[in-house]
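Questions regarding the structure given below will be posed in turn.
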Amino acid sequence: MLHDTIAAISTALGEAAISVLRVTGPQALEVAQKVFHTARDLVSLPARQAHLVTARDADGTTLDQGLLLIFCAPSSYTGEDVVEFQGHGGLLVTQKLLESLLAAGARAAEPGEFTQRAFLNGKMDLTQAEAVMDLIHAQSTLALKAAHEQLGGAIGKEAMALKEELLPVLAHVEAYIDFPEEDISPDTGASLVAKMDLVLERASRLIATSEQGRILRHGARTVICGEPNVGKSSLLNLLLGFERAIVSPTAGTTRDTIEEIIQVHGIPLRLVDTAGLRSSQDEIERVGIERTQRELERADLILEVVDGSLPPSAAQRVSLPPQAEARRILILNKADQGLHPDWAGGVPLSCTANVGVETLRDAIRTLIMNVGSMQADHPIAINARHKICFERIVSQVQAARVALIDGAAPEYVALDLREALQSLGEVVGVVDVEQILDVIFSSFCIGK
Ligand SMILES: Nc1nc2c(c(=O)[nH]1)N(C=O)[C@@H](CNc1ccc(C(=O)N[C@@H](CCC(=O)O)C(=O)O)cc1)CN2
Ligand SMILES: Nc1nc2c(ncn2[C@@H]2O[C@H](COP(=O)(O)OP(=O)(O)OP(=O)(O)O)[C@@H](O)[C@H]2O)c(=O)[nH]1
Ligand SMILES: [Mg+2]
C-alpha cells in the first residue's frame, strides 16, 4: 500500500554514536508529532533544517533528545512527506523510538520500501533503485564507481536512447499497415535496417558489460590451489593483510575452503583458500579436495602455488581443463629459499619475506581485466536482470530486421518492434514491474 505511513531504523543496529529513524508517507508529520516534542508544532517548523527535539513514548517518558529533519512532499528521497530523527545510537533507545513511532500509527517498513516508494513516485527509475543497493554493497573502488554511474542514470539513459531510436522505426513501419497496397521502398527499408543495426550494436555493447558487472557485484571468484604445504594459506593471509587461515609446516593443514573478499587495484576478488591437492586416504581431506575441484571449475582466476625452490619435476601440478588455462597464474612461492633455475614463467613470490606481492597484484589485474572484459574507464556494468532484458531486445530487433528484409507484412515487423520497446521499458521499470519489484526490493536493507 502506497498510502500508509511507514517507519524504520535506517542505521545498523548496535551501539553507535548516532542512529537515524525515518518515517515516510502522508501521515509522517502526524505520527512524528506524537513522539517528537519541541516548543512549536512540527508542521510549523521550517523543512530541511535540523531542529533539536525531545522524544517521548506514549506515557510521556523521555526516550531521547535528538535532531529532527522534515522533508515536504514531493521534495524528499521518497517523494512523500518524510520525517527523520537522529538520536543517540543505543540499541534500546533506538528500538524504543521505533516502537513509539509504530504506536503513533506508522507501520514497520519492509526491506527497501523507502527506495521502492522513491521508484513508484518517479524519483528514480528501476536501474537507479538497484544502484542504491549496489552502492551499499560495493567492496571495491571500481564497483563503487559503477554504482555511482548507474545511480546517476547511465543505464536508464542508454535504455531510453535505444527506445528513441526504435520509436521512429516503428512509426514508419506502422504507417504502411494502413496502406496495404504500398510496399516499403528499398531506400526506406535500408534506412530502417540501418537504424535497427545501430540499436543491435548498442544493446550488444551493453550486454558485454554484464561480465564486468558480475565481477564488480559479486567479486571475481579466485581459487588458491596447489599441493599441500606450498604456502596457499600463507598467500591468502598475505593478500588479506591479516592472519585469517591457519599456517603450519604440516601438510594437509587446510581442509575446508576459506573465503574472503579482497580488493586488487579496485577490483573485488572473492578469494578461496583450498585444501592441498594430493591423493589421500583421509576421509575429511578427500572431501576437501573434491571441494577444491568444484571451486576450480567455476573460477574466474586460479592462483596455482608451487614451491619454487624445488625443481619443476618435483612439483605435482594442478591439471586444468584447457579453457581454464588462460585463467591461471603460476606462483613460485618460497623464492626466499632460492628460486630453482628450471622454472620458466610464473610469478616469483615469498610469503614469509613479503617479496613479489606487487608483481602478483599487477598480474591479477591484467588477467581479470582480460577474462572479465573489464574496462576501468567504462564503469557501466549491467546486472543479470538487465542482461536478460537486453538479450531479449536483441533477439526481438533481430526478428524485426529479418521480417523487414524478407518482405513480411508490416504487422509482423511492428509486432517484434513493439516487443523490443516493451523489454526496454522493463529495464527502467515503466512496464511489467509488479512481479519484479518484490524480488528486487526484498534484498534491500530495512530502512533503505
Ligand atoms: N539523513 C539521510 N541521509 C541520506 C539519505 C536520507 O534519506 N536521509 N539518503 C537516502 O538514501 C541518501 C541521500 N539521498 C537523498 C536523495 C534525495 C533527497 C531529497 O530530498 N530530494 C529532493 C530534493 C532534491 C534537492 O534539494 O536537490 C527531491 O528529489 O525532490 C534526499 C536524500 C544518503 N543519505
Ligand atoms: N621459506 C618459506 N616458507 C614459506 C613461505 N610461504 C609459506 N611458507 C611455509 O610453508 C609452510 C606451509 O604453509 P601453508 O600456508 O600452511 O601452506 P598450505 O599450502 O596452505 O598448506 P596446506 O593447507 O596444508 O595444503 C608453513 O610452515 C609456512 O610458514 C615462503 O614464502 N617461504
Ligand atoms: Mg593451507
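Glycine is treated like the rest: Cβ placed from N, Cα and C.
Features from TrEMBL:
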| type | residues | note |
| --- | --- | --- |
| BINDING | R22, E84, K123, K448 | (6S)-5-formyl-5,6,7,8-tetrahydrofolate binding site |
| DOMAIN | 219-369 | domain 'TrmE-type G' |
| BINDING | 229-234, 248-254, 273-276, 333-336 | GTP binding site |
| BINDING | S233, T254 | Mg(2+) binding site |
Between A275 (GTP binding site) and S233 (Mg(2+) binding site), find the distance joining the two CA atoms and give it rounded to the nearest Å.
9
If you measure every Cα to Cα distance among R22, E84, K123, K448, the residues said to bind (6S)-5-formyl-5,6,7,8-tetrahydrofolate, what is the biggest one in Å?
18
Could you work out which of the binding-site residues (R22, K232) has its C-beta surrounded by the smallest number of other C-beta atoms within 10 A?
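With the binding-site residues R22, K232, fewest surrounding Cβ atoms within 10 Å: R22.
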Given the binding-site residues N229, S248, A251, T254, K334, state which is nearest to R22 ((6S)-5-formyl-5,6,7,8-tetrahydrofolate binding site) when distance is taken between Cα atoms.
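Looking at Cα distances from R22 ((6S)-5-formyl-5,6,7,8-tetrahydrofolate binding site), the smallest one goes to T254.
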In the predicted model, what is the mean pLDDT computed over the domain 'TrmE-type G' (219-369)?
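Result for the domain 'TrmE-type G' (219-369): average pLDDT 91.
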Test of understanding: give the count of other CB atoms lying within 10 angstroms of the CB of A251 (GTP binding site).
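Result for A251 (GTP binding site): 13 neighbouring Cβ atoms inside 10 Å.
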For S233 (Mg(2+) binding site), find which of the binding-site residues E84, A251, T254, K334 come within 10 Å, Cα to Cα.
T254
By a 10 A CB contact count over all chains shown, which of the binding-site residues listed here is most packed: N229, S233, S248?
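Of the binding-site residues N229, S233, S248, the most buried by Cβ count within 10 Å is S233.
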List only the single closest residue to T254 (GTP binding site), chosen from the binding-site residues E84, K123, K448 by CA-CA distance.
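Spatially nearest to T254 (GTP binding site) by Cα position is K448.
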What's the number of neighbouring CB atoms sitting within 10 A of the CB on A275 (GTP binding site)?
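I count 25 other Cβ atoms within 10 Å of it.
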Does DSSP give S233 (Mg(2+) binding site) helix, strand or coil?
helix
Which one is it: of the binding-site residues E84, K123, K448, whose Cα lies the shortest distance from the Cα of S248 (GTP binding site)?
K448
Out of K123, K334, K448, which of the binding-site residues has the smallest number of neighbouring Cβ atoms within 10 Å?
K123
Given the binding-site residues R22, K232, K334, return the subset with CB under 6 A from an atom of ligand 3, ordered by sequence, or none if empty.
K232
Give the helix, strand or coil assignment DSSP yields for S248 (GTP binding site).
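DSSP assigns S248 (GTP binding site) to coil.
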